Each structure stands twice: as C-alpha cells, then as structure tokens.
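Novice: Under the heading FAD binding site, Swiss-Prot lists ALA15, GLU34, CYS45, ALA46, GLY48, ARG99, ALA123, ASP280, GLY292, ILE293, citing sequence analysis as support.
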Amino acid sequence: MKSKYDVLIIGGGPAGALAARTAAQKGLSVCLVEKRPAIGAPVRCAEGIGKEALAEFIPPNPRWISAEMTGAGIVAPDGFEMTLESSMAGGKVGYILDRKVFDRELVWQAADAGADVYVKTRASSPIMSEGRLKGAVLDYCGSSSKVTADVVIAADGVESKFGKWCGIDTTVPVREIMSSVQYVMTDIDINPGATIFYLGNEVAPEGYLWVFPKGKRAANVGIGISGRKSGKGHRAKDYLDKFVKQKFPHGKTIECIVGGVSVCRPLECTVADHLMLVGDAARVVDPLTGGGIYNAMYTGKLAAEVAADCIAKGDLSKKALMIYDREWRASKMGKSIERNYHIKEYLIKQPDEKLNTIIHSVSKLDLKEFSTLTLIKELLKANPKLLVELGALAASIR
C-alpha cells in the first residue's frame, strides 16, 4: 500500500466501485478500501434495478443477473393485487441482480482501470492538519498505515462513520431507519417474472414486504418496517415469519440477511474540505422504495468526475467540491428523492382502509406508462380531494 494517492475511497460497494473506476479511468492514482474480507458479501439488498438505470453504467451480463422482470404487482391490505405489465414501462422493467457477483465485477473493473484495492481494511480515523482532511489511518492485516490523499470519497454505507468524524452530521432519526430482514428462499410458488410488493399496517407497518424472484422457484423475500414500529414481539422478523408461514409454508430458507436502510432526506451537505460522501453514506437511498443501487453508482461516478476536475485545478476546498452536491440535487435522481420523500411521508400516515382505496383507484386508471410521477398525476385527476392531502407536493407536480 502506497502512502499517498490522489483519491482515497472508503467502501467497496457500488458507490465506491464506480468512484474508483471513474477516477482511475481519468488517470488519477486511486486506493479503494473495503472493511469486509470479500467484496459483495454479505448481501444486504433486495437486488433490484431498472434496465435503463443499469445500462447507464455497465452492460448487463448473465453472470450477475439472477432474473429479468417483465412486470410487478402491488398487494393492498385487503388482499387485492394490482398488476403492472411491462408495457406500462415501455417493456423495460428491470433485473434482479446477484450482488455478490455484481459488486465484484464493478471492483474488478476499477482494478483493471488502475485502482489499488484492499479488502479487510478499515478506515479507523481521519488524518487532519490545520482543520483540513489529509487522508485516513487504515487498519490493514493487523497493522496501521497513514495514507494521505488529495480527496477522500466516503462510500462507507448506512453505518457511515467517516463523515461524522470529519464534522458532517450523518445522524438518521430512528423513525427514518427501516429495520429490514430478508430471506433467500427456494422451493416456493411464485411468478418468476414479477416483483410483488405487499402493503398494510398488519403486514409491514410504515413499510412494505417484497418478493423479488431469483429464478423459477427462488426469491428474495424480505420486509422493511419503520424503526419506531419495531420491538419485542413485533420485530421485522416477526412480521416476515408470519407472512412466510402463510404464503410459503413449504419453502426453504437458505440465507437470512438483516440490516438497516435510511429512508430520510439526504444529508444537508455531502461535502467538506477534501471530502465527499456518496451512496448510502450520503443518505441518497430512495425514501419511498428503499432502493439505492442506481443512486449509489450515480453519486459515486459524479463524485469522481468532480474530484478529477478539482484536482486538476488544485482546489479541493468545500466551496470547490460543492459542485458535486449541487449537481446531484438538481439531477433527475435528486428531484426524485425529494418527491418520493413527501410521498413516503404521506403514505405511512394512512390507515389500511385508505391504502385499499388508493390501490383500487390506481388499478382502474388507464395508465400508458408507470412511474411514480405519472401515478401521482393520474391519482390527482381521479381523486381531486388528494390535492388538499398532498399539499405542496401535489402543487409541485401538476
């Protein structure tokens, strides 16, 4: 391990990998460190991503695609299922990835581009000089090394500590952390081409339950509920076990994954002098769906591009790096996060009866395409009273 790099990236998930690949392709010296002993494991993700979203960063490869989705379903609290055909999304729905293989592919590409990669390497503290970040102390194979860098990109996930160490408030309120559990199950009867979402306060309070196929008779079956709704006897696992017992009584669980997902607004600021936060560390997960793969790759790539420009200009100050923060907030992704946060806040306050009404109403709409924005617009046309309930959000998208 060298003692000096242009860019030091902490975290080997999709955000860190795209940052490393992009920076290396631009000719910068790059060090990517991952605290776990293997890239891509353990998987803490439902593994879904849209086709067009994926293609923006990497061509699809059967090696790391578990299943191709051609539709989706949303199940209301009363059991009514609304079906969404692929034609509503222009025939471009999405994939269920094999994240263990996918994440490694991204990091391999970063390494091929010239990035140095170290696993089982933890950033234990920042190196500060005159109040400015200069790098990090890395614990690697039983010893500590000081590595300096012109800029550090923190891609250290939902548990991100590095930003906090550098003075950025990364605290997430308990109510905005989803407590999540997922089983990888086999020998279950499913529609192998459709992702299914279950809503309702009896099924998943202030959250949802999902079935994401990974083959003809295999799927990720998981749940995310609000942290404030979790407690003894009503943990996320308790709700999931009840669902599995009813829906897949003869299914076999071959893996159990637990974790937390932030469904809050993004951090107030995602940069400091010589520092940028990306992906889950920046809290850019979609607050409505909990999805974060695309947002992670987008912010990782953008951060590296801005870093390269700022290094070339010799200015890594917070003011110079703010172009990254401004650009992702102004992007389609950033606007979607803000809109979906308001939708999420609206939906979690609704009783099951209201959720039933909304889903039944949507099922009757003549949707030519399906997206969150289209859905809300059509709902407002069909239910003008929602204008008052949705308030500023409704006004902003009319």
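Our numbering is plain: 1 for the first residue shown, then up by one each step along the chain.
Here the Cβ of each residue, glycine as well, is placed from N, Cα and C on the backbone.
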Novice: Just counting, how many other CB atoms are there within 10 A of the CB of CYS45 (FAD binding site)?
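Specialist: Summing over all protein chains shown, CYS45 (FAD binding site) has 25 other Cβ atoms within 10 Å.
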Novice: Going by DSSP, is CYS45 (FAD binding site) sitting in a helix, a strand, or coil?
Specialist: coil
Novice: Report the member of GLY48, GLY292 (the binding-site residues) whose C-beta atom has the most other C-beta atoms within 10 angstroms.
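Specialist: Per the Cβ count within 10 Å, the most buried is GLY292.
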Novice: Between the binding-site residues ALA15, ALA123, whose Cβ has more other Cβ atoms within 10 Å than any of the rest?
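Specialist: Selected residue: ALA15.
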Novice: Name the secondary structure element type, per DSSP in three states, that contains GLY292 (FAD binding site).
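Specialist: In three-state terms, GLY292 (FAD binding site) counts as coil.
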